[in-house]
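**Q** Once you've had a glance at the structure underneath, I'll fire off some questions.
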Amino acid sequence: MTKNNRANFGSKLGVILASAGSAVGLGNIWRFPFETGNHGGAAFILIYLGCVLFFGIPIMVAEFSIGRHSRANTAGAYRILAPGTQWRWVGRMGVLAGFLILGYYSVVAGWTLEYIVQAATNAFAGQSANDFIASFNGFVSNPWRPALWMIVFMLMTHFIIVKGVERGIEKSAKIMMPMLFILLIVLAVCSISLPGAGAGIEFLLKPDFSKVNGNVLLGAMGQAFFSLSLGMGCLCTYASYFRNDTNLTKTALNVGWIDTMVAILAGFIIFPAAFSVGIQPDAGPSLLFITLPNVFQQAFGNLPWLAVILSIMFYVLLALAALTSTISLHEVVTAYLHEEFNLTRGRAAKLVTAGCTVLGVLCSLSLGVGKELTIFGLTLFDLFDFVTAKIMLPLGGFFIAIFTGWYLDKRIVWEEVSNNGTLPKAIYRTWLFLLKYIAPIGIGFIFINELGFLK
Ligand code: TRP
């Protein structure tokens, strides 16, 4: 496999948008609010921001370096950079994490399609907050509908994956990202101006550190890795398609910034509205889907046509944001099978799609008919979320930090990170310090603390 026959991202804007497209998704708009709600609000957000800054950005630069230097899928990258060592297991664990995440992520992505249809058929009109809760619960526990939507979403992902990297990923990201951003701002303004929204704003801005415990720390760290698409070789695989003159540090800062802005905006949409209509902030995975229809109802009650247009736009853009993320997850596993097992890209993609569809159907059923079937007290859906976001991704990030900070030849690291010597030395040294010490020690501390050894 030479550098020449692999695809490349075309323009610089394309690089940022594709990586940001991977990062921005349901993690920001669906998962961030419900994790924030489960973990008490503002204090969680501050810890989350710390995790993004001190673990996330440095590890993102490390993943970019590994990917671009090796020009290979994530498992192949370790085979090339550390031949004959056990480091390849970091890559393999990442591939497995990607597979599991795609399994349950596509279930939620499927829900967005259902909500596009509901928005388009004006199903939200005249309903109360309790109606929205009942209709959501009825929908997810139905054995067929959510599973079928999940399959539709999986096929959409499959289609773009086989069409190739540049045309598929770059184009969809270029159009949808700016539109999504503008719509989120509009909705945040609407939500903040609802009666009684102040309590929600307070929830977002007034930290109560007395509620911070090991679970809050683990939740914030897991959310940072999940939202930034880190710790499993996703951005590593994308970086293998970067051009040699792509500035890795700038790209990482841009992606981190955009991703964080979208999550915070989502918070300012969800919580003011939730408090305004009396939905509990710790409603869990249903939070986005039971809160948002209220915003459309309450804010545009006298302009029903506007409510319909905006709600369709929102769910379409949400589905597209999810699509650029499922593409990136699918790509990790597909590139791995394609390059490591000599399968054609098409066949590799088919295997991934088939496998994830099975996982996805099981996850979907685990919220309805399979509710009683729990492992460690968690449904399959919750188990996949927990194991990937809170264990596998931070663990992967830990090893990526050690690999790049301690193991990899510093000439290679400097060459990649500095873009052939154009980065100021002070920034490089700060980055290396965060990567070698702060990130691994911080991640290790949160893990050990969660296990209860420090009590
Ligand atoms: N970051 C995406 C989101 O916020 C989800 C995602 C895409 C992801 N690729 C990933 C999460 C890789 C973890 C690892 O929706």
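Even glycines carry a Cβ here, placed using N, Cα and C.
Where the annotation comes from TrEMBL, it is an automatic prediction and has not been curated.
What you are looking at is a predicted structure, and each value in this text was computed from that prediction instead of being measured.
Feature table excerpt (TrEMBL):
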type	residues	note
TRANSMEM	12-30	transmembrane segment
TRANSMEM	42-61	transmembrane segment
TRANSMEM	89-107	transmembrane segment
TRANSMEM	147-165	transmembrane segment
TRANSMEM	177-197	transmembrane segment
TRANSMEM	217-241	transmembrane segment
TRANSMEM	253-279	transmembrane segment
TRANSMEM	303-327	transmembrane segment
TRANSMEM	348-367	transmembrane segment
TRANSMEM	387-408	transmembrane segment
TRANSMEM	428-448	transmembrane segment
**Q** At a C-beta cut-off of under 8 Å, are there same-chain residues at least 6 beyond the transmembrane segment (89-107) that contact it? List them, or none.
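**A** Same-chain contacts beyond the flanks: 26, 73-79, 146, 150, 153-154, 157, 231-234, 236, 322, 325-326, 329-330, 332-333, 336, 352, 355-356, 359-360, 362-364, 367, 380-381, 384-385, 387-389, 392-393, 395-396, 399-400, 403.
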**Q** Does the transmembrane segment (12-30) reach the transmembrane segment (387-408) with at least 3 CB pairs under 8 A, where each pair is 6 or more residues apart?
**A** no
**Q** So which of 42-61, 303-327, 387-408 has the most C-beta pairs under 8 Å when paired with the transmembrane segment (147-165)?
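**A** Most contacts with the transmembrane segment (147-165): 303-327.
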**Q** Between the transmembrane segment (348-367) and the transmembrane segment (428-448), are there three or more CB pairs that fall under 8 A, provided the residues in each pair are separated by 6 or more in sequence?
**A** no
**Q** Pairs of Cβ atoms less than 8 Å apart decide it: which stretch in 42-61, 217-241, 387-408 has the most with the transmembrane segment (253-279)?
**A** 42-61
